[in-house]
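See structure below.
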Amino acid sequence: MEEIQVTFLNMLKVERNFSAHTLKSYHDDLVQFNHFLEQELINLRTFEYKDARNYLSYLYSQNLKRTTVSRKISTLRTFYEFWMTQDETIINPFVQLVHPKKENYLPQFFYEEEMEALFETVAKDTKKGLRDRVILELLYATGIRVSELVNIQLKDIDMSLPGVKVLGKGNKERFVPFGEFCRQSIEQYLREFKPIQHTKHSFLLVNMNGAPITERGVRYVLNDVVKRTAGVTEIHPHKLRHTFATHLLNQGADLRTVQSLLGHVNLSTTGRYTHVSNQQLRKVYLNAHPRAKKESK
């Protein structure tokens, strides 16, 4: 990897406070780009617009989703923008490239009865169950990202309100409330889960050895819960984030409030990540449209 690319990644880590997961995506995008340059015998410095178009075609030939192609092009556009600040002779070859349109899709979410089934699966009387329940409760009750979840420290939890302070993207801090079920789960976990009582750190969530749990560890916990839950086949942390937002909107929460809770800068981002179910759309329509129902005579 070129020195300027390493400097770029360090900038994203130090100045923009990107998560390890996001940094890996940027790194992998640059590695793939470098591989293309080697194949085509193109120099990074002399790479130009026609080469950018060829690279776009190359990405599509790999049968990648449009959203993935869009992200990879965005990575390179951002990289060249950074390089231009370091070297006045550099021109961004991706600036004129038409951004691939993203596919429209409805984010996956759990129905309320599916969430209840997940909670019923988690044991209430085992050490592991106490910890796993807190993970599930916090993700569903607050809609926080998994990267935010694993970085919660004991001082971030406020049992009086109750709620949690999280550090989101761009090093932005926000407070997210949670309900009584979540509060009780956290209290029982802190009171009875032995590994956390003997730690030398202040992270809320730990593994069975008392070390801070990782994002990978959280995904393992969720997959284990799903395997034991009838009628539920797939789960990931962001699906719980979608579920959190969807259920709030279905119960009448306004988009601005959900935006604040999710930690989104732009309302349009919230619009992409949240939606109401088809059943709720029909319910609103039937209640609101003057000719939705035919009156009986």
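Each position is counted from 1, following the chain as shown.
Cβ coordinates come from backbone N, Cα and C, glycine included.
Feature annotation from Swiss-Prot assigns active site to ARG145, LYS169, HIS238, ARG241, HIS264; the stated evidence is sequence analysis. Sequence annotations record features per position, and here Swiss-Prot assigns active site, O-(3'-phospho-DNA)-tyrosine intermediate to TYR273. According to Swiss-Prot, the feature domain 'Core-binding (CB)' maps to 1-84. The domain 'Tyr recombinase' annotation in Swiss-Prot covers 105-286.
Cα of ARG241 (active site) to Cα of ARG145 (active site): a distance of 7 Å. Secondary structure at ARG241 (active site), taken from DSSP and collapsed to helix, strand or coil, is helix. Neighbour counts of Cβ atoms within 10 Å were compared across the active-site residues ARG145, HIS238, HIS264; the minimum falls on HIS238. Confidence in the domain 'Tyr recombinase' (105-286), given as mean pLDDT, stands at 87.
Over all protein chains present, the Cβ of ARG241 (active site) has 23 other Cβ atoms lying within 10 Å.
Here the domain 'Core-binding (CB)' (1-84) has, by DSSP, the following mix of helix, strand and coil residues: 65 helix, 0 strand, 19 coil. Around the Cβ of LYS169 (active site), 16 further Cβ atoms fall within 10 Å across all displayed protein chains.
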